[in-house]
Amino acid sequence: MSLLPYALARSFLFGMDAEAAHELTMDMLARGQRTPLQWAWCNETVSDPIELAGLRFPNRVGLAAGLDKNARCIDALAAMGFGFVEVGTVTPRAQPGNPKPRMFRLPEARALINRLGFNNEGLDAFVANVQRSQVRTQGRGQSKLLLGLNIGKNATTPIEDATRDYLTCLEGVYPHADYVTVNISSPNTQNLRALQSDAALDCLLGAIAEHRGQLAAAQGRRVPIFVKIAPDLDEAQVAVIATTLQRHGMDGVVATNTTIRRDAVQGLRHAGETGGLSGAPVLEASNAVIRQLRAALGPAFPIIGVGGILSAEDAVSKIRAGADVVQIYTGLIYEGPALVGRAAKAIRDLR
């Protein structure tokens, strides 16, 4: 059980600039992991196993990518009770991201807007951090936690050359991942969402599937690949994506990323900032895409539901919409690590 009441930490952190608070938190987690300090945020892992994409998830609540972009805090995050943790997005080369300020809180809506832009230390540093984590050094047979590695393209890479970046990242992370997520839906890298269109997605996933086949043959292990999509899609676009995922043998879909829509936060401070909106206002849009995906993909295709989970009831709504497991990020910032256990128990109690 966590020794530190999150309300106290949140009051302090929310008095700071949003990105400065984020960096301070990540530094604290990185320094405190694998030490007695970890008891400050440690929570029991709820047991609710599920088999999905050939993997055994210890429970159905995971961490969404974006919180730990450089894979510095895997062990600290594992201690919060997640069944799986996804880190990244990583790009082949280090990049600073977009100019600051680039992260904003909308507390009245329990939301965030960010335009970070895949700021990260690059593939080599990312992989080195993954390799150093206890989750990896103790071996896959010893660690129950599943680790997802999320990959993207550099901002300076022309969109027509994006496939090259994804294949470079796939090759780099492949030996260390329980699953890989292909991020084609961040609104903060110019033209990235164009990769969700019919022809572009077909080309990208075809190349990824072929390269995954080569890596699996060489390394003797087939790593599941998920694709992360946006909530800002109509039913026709969702149907095309669903067909393309199945055509190329993708193992699952992560639905959804942040939204560029602002309907739910109009008039609030920072609502006009450019970037992706996350948190409570995204819940229904994300759930709508999940329902459409489930209808298009059938009952067996794995869906990771993410977007707007700030309570146990929100997590349950994702499962009822058609997700198999869920991820949280903004909810962790507003509600703290206790949300992980509450959500996992609520989902377990559905059965």
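Cβ atoms are placed via backbone N, Cα and C, with glycine included.
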Binding-site annotation, Swiss-Prot, substrate: partner of Asn114, Arg115, Leu116, Gly117, Phe118, Asn183, Asn188, Asn257, Thr258 in Lys69, Lys318: Lys69
Same FMN site per Swiss-Prot - residue from Thr45, Thr89, Thr137, Thr168 joining Ala65, Gly66, Leu67, Asp68, Lys69, Asn150, Asn183, Lys228, Thr256, Gly279, Gly308, Tyr329, Thr330: Thr89
Inter-residue C-alpha distance, Leu67 (FMN binding site) and Gly117 (substrate binding site) (nearest angstrom): 13
Cα-to-Cα gap, Asn257 (substrate binding site) vs Ser186 (active site, nucleophile), nearest whole Å: 7
8 Å Cβ shell about Lys69, Asn114, Arg115, Leu116, Gly117, Phe118, Asn183, Asn188, Asn257, Thr258 centroid, substrate site members excluded: Gly66, Thr89, Gly97, Ser186, Pro187, Thr189, Gly275, Gly276
Extent of the substrate binding site in Å [max Cα distance among Lys69, Asn114, Arg115, Leu116, Gly117, Phe118, Asn183, Asn188, Asn257, Thr258]: 16
CB within-chain contacts under 8 A for Ala65 (FMN binding site), separation at least 6: Glu86, Val87, Gly88, Thr89, Gly148, Asn150, Thr181, Asn183, Lys228, Tyr329
Protein Cβ atoms within 10 Å of Lys69 (FMN binding site), excluding its own: 21
Nearest of the recorded positions (Lys69, Ser186, Gly279) to Arg115 (substrate binding site), judged by Cα-Cα distance: Ser186
